[in-house]
Amino acid sequence: MIISIIIFSILSFILGVIVSLVSCFCKVKSNLSLINDIDELLPQMQCAQCGYPGCYAYSQAIVDGNENIYKCIPGGKEVVLKLENLLNKSDHRGNFLESLEDSVTYSIVEIDENNCVGCSKCRLVCPVDAVVGTYNFRHTVLIDSCTGCNLCIPLCPTNCIKKKIMFYE
């Protein structure tokens with residue numbers, strides 16, 4: 001009788017450990033799915049205006065509970081509403097959606113081509129290839145491609161790269 005109780009207790013403990021491990025692995029998979037769903041809703045500008053290096057990192061922070069869903073400036077009201085719907089959250093920030101005017105700003109960079117020496121440092125560091133030009137010739141920025149990461153600004157030896165504030169329309 002005692003032996004059967006001991007065997008039953010050991011088997012119950014082992015089964016409990018197995019169930020715990022399986023539930024942990026299933027939770028990770030559902031988190032990855034949720035991270036990917038959130039990432040698909042974001043505009044994929046990799047602008048870092050939310051404080052994260054890219055949209056995927058911001059998605060991970062949202063799922064981990066370390067960040068709120070209201071930091072994607074380029075996404076505007078549309079993305080906030082989609083994220084609220086996906087995560088079943090309502091606007092806990094009061095008038096946040098009303099404060100998102102139609103003229104929300106974002107930043108890009110602009111090169112003063114008259115002062116550009118063509119060193120190509122900006123072109124080489126640009127993560128989205130928004131800077132075009134060849135070595136020893138003037139460079140320019142493709143405004144539609146620039147994400148405003150500003151990685152190129154400190155590298156310019158002539159300080160001809162400036163941040164420019166744009167408005168969403």
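Each Cβ is built from the backbone N, Cα and C atoms, and glycine gets one as well.
What Swiss-Prot lists as region 'Hydrophobic' is 1-23.
What Swiss-Prot records for 30-89 is domain '4Fe-4S'. The predicted model assigns the domain '4Fe-4S' (30-89) a mean pLDDT of 85.
For the recorded site, Cys55 ([4Fe-4S] cluster 1 binding site), the DSSP three-state label reads helix. Look at Swiss-Prot and you will find Cys47, Cys50, Cys55, Cys72 tagged as [4Fe-4S] cluster 1 binding site.
Under 8 Å from some Cβ of the domain '4Fe-4S ferredoxin-type 1' (107-136) lie the Cβ atoms of residues 46, 49, 142-143, 145-153, 155-166, all in the same chain and six or more residues away from its ends. The feature domain '4Fe-4S ferredoxin-type 1' is assigned by Swiss-Prot to 107-136, with sequence analysis given as support.
Taking a C-beta cut-off of under 8 Å and a sequence gap of six or more, Cys156 ([4Fe-4S] cluster 2 binding site) has these contacts in its own chain: Cys119, Lys121, Cys122. Per Swiss-Prot, [4Fe-4S] cluster 2 binding site is recorded for Cys116, Cys119, Cys122, Cys156, and the stated evidence type is sequence analysis.
In this structure, Cys152 ([4Fe-4S] cluster 3 binding site) belongs to neither helix nor strand by DSSP; it is coil. Per Swiss-Prot, [4Fe-4S] cluster 3 binding site is recorded for Cys126, Cys146, Cys149, Cys152, and the stated evidence type is sequence analysis.
Here Swiss-Prot flags 137-166 as domain '4Fe-4S ferredoxin-type 2'. With a cut-off of 8 Å between Cβ atoms, the residues of this chain six or more beyond the domain '4Fe-4S ferredoxin-type 2' (137-166) that come close are 45-49, 105-123, 125-131.
Residue pair Cys72 ([4Fe-4S] cluster 1 binding site) / Cys149 ([4Fe-4S] cluster 3 binding site) shows a Cα separation of 14 Å. The two recorded residues, Cys149 ([4Fe-4S] cluster 3 binding site) and Cys47 ([4Fe-4S] cluster 1 binding site), show a Cα separation of 5 Å. All chains included, 21 other C-beta atoms sit within 10 angstroms of the C-beta of Cys126 ([4Fe-4S] cluster 3 binding site). For Cys50 ([4Fe-4S] cluster 1 binding site), the nearest neighbour among the listed binding-site residues (Cys116, Cys126, Cys146, Cys152), judged by C-alpha distance, is Cys146.
Taking the Cβ of Cys146 ([4Fe-4S] cluster 3 binding site) as reference, residues of its chain lying under 8 Å away and at least six apart in sequence are, in sequence order, Ile108, Val109, Val128, Ala130. Of all the binding-site residues listed here (Cys116, Cys126, Cys152), Cys126 has the Cα closest to the Cα of Cys55 ([4Fe-4S] cluster 1 binding site).
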